[in-house]
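Report on the structure given below.
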Amino acid sequence: MDISLDRLWDEALGHLQVQLSRPTFEAWIKTARAESLVDNRLTISTPSEWARGWLQKHYASTITEVVQRVAGIPLQVEFSVAPQALVEEEAPSTAVASTSRKAGSFPASAPLGLEVSGSLPMRAPDLNPKYSFSRFVVGPNNRMAHAAALAVADKPGRAYNPLFLCGGVGLGKTHLMQAIGHYQLEANPRAKVFYVSTERFTNDLIDAIRRDSMQSFREHYRDVDILLVDDIQFIEGKEYTQEEFFHTFNTLHESGKQIVLAADRSPHLIPRLQERLCSRFSMGLIAEIQPPDIETRMAILKKKAEYEGMILPPEVIEYIATTYTSNIRELEGALIRAVAYVSISGLPMSVETIQPILNPPSEPKEITPDMIIDVVCEEFGVDRESLLGSSRKRDISQARQIAMFLMRHHTNLSLPKIGDYFGGKDHTTVLYSCEKVSQLQRENLQFERQLQNLAQRLRVMANSRNR
């Protein structure tokens, strides 16, 4: 076999990254290491016995198939435990986290296993103060959801459990969820209310697995009175996240604790959702929120203006409500733009004044790979041929990595397709480039702002070219 152990595992990781879901890869595969290759027997080390058992049970055949394909010969795969590798790798960040974490916080990046004064940190409700029942406008589109949320807030764990709120983007699901939390905390300040997005739940789970601190993770999520989980549709296809959430759900439900979930669709329309989870999500009440009608949209604008101290003529309210029909977020955004424009320009508030700046909302335009190449070349002063070529000069190499990162995040191209765009580079090279840019983005605020600026330029370019 004419391939080194490191190269074999690096190429295998690239294939597994493409085949498996991102949380699965991050939690189980990325933390493993190729330990040795002797007599066609590949030993893969894992950071804990838990991880070794899970890989052996669920991914042994997949990993074996991939490494054999990369090596070109039959291989036997074995799994071992080598926790010291992970401890050494994570030690610097763990030390920083232990000294800098504030009481009352639970960041996704902080080690779950660390304790403060002998116990896990208090969880902050993380609720938006504006999302209260008093600021929620009730209409025919959301009356049932509002009534159900009030019932749950008044008698958590007894009215509807779980309460599943579903509807499109910007229709008030998050507002109602957090209003439940505010209501309960006002009635009982000692209540343990926890609002979390599904992405945060998944990230915390991955972090716990990597640090072998699942017990702390479970205590954190299961020792609550009300659990509010937003965007639960993003649990689709995440097998281990679904497994863990299933047991979290059962523990809370059996203890009479309230669970409120929100998604952009009903449970049975979420693809690759375990049947048992779909059944549990549906066992309480599913309350759908529809787009608001014209009267409700006008009422929303009036209430928003009232809270913000704005004075709006009736015809302006009607114009905005007629122009923006799909969701509340766009509606309120249009109102803010109109008020800001009038304030800055000094013009009177009228339909004629705001009409030019409130064009009807349009679908976001597509960002193409060629646009990304153009913007990156201009930003870094390199030519297209060099960027797409194989030059190893530092400035060109960095610009190329940024272009790959932008393609991954702003187009639908797969890693292999991005590699093809850059002269047939292997998808592992693309993955490495994207991870390197992500790391620099986290560590360097100026670099993060540069990436944000590039993304904004791409959106402007896409809108101008696709008109």
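Quick reminder: no glycine exception, Cβ is built from N, Cα and C everywhere.
Taken from Swiss-Prot as is:
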- 1-85: region 'Domain I, interacts with DnaA modulators' (REGION)
- 85-125: region 'Domain II' (REGION)
- 126-342: region 'Domain III, AAA+ region' (REGION)
- Gly170, Gly172, Lys173, Thr174: ATP binding site (BINDING)
- 343-467: region 'Domain IV, binds dsDNA' (REGION)
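Around Gly172 (ATP binding site), the same-chain residues six or more apart in sequence whose CB sits under 8 Å from its CB are Phe136, Asn142, Ala145, Ile289, Ile328, listed in sequence order. Per-residue pLDDT, averaged across the region 'Domain I, interacts with DnaA modulators' (1-85), gives 82.
Secondary structure by DSSP for the region 'Domain IV, binds dsDNA' (343-467): 89 helix, 0 strand, 36 coil.
Secondary structure from DSSP puts Gly172 (ATP binding site) in coil. Note: Thr174 (ATP binding site) has non-local neighbours Tyr131, Asp230, Ala262, i.e. same-chain residues 6+ apart with C-beta under 8 A of its own C-beta. The Cβ centroid of Gly170, Gly172, Lys173, Thr174 marks the ATP site; residues of that chain outside this set whose Cβ lies within 8 Å of it are Gly167, Val169, Leu171, His175, Leu176, Ala262, Ile289, Ile328, Arg329, given in sequence order. With all protein chains in the displayed structure included, the most crowded Cβ environment within 10 Å among the binding-site residues Gly170, Lys173 is that of Lys173.
DSSP assignment over the region 'Domain I, interacts with DnaA modulators' (1-85) gives 48 helix, 18 strand, 19 coil.
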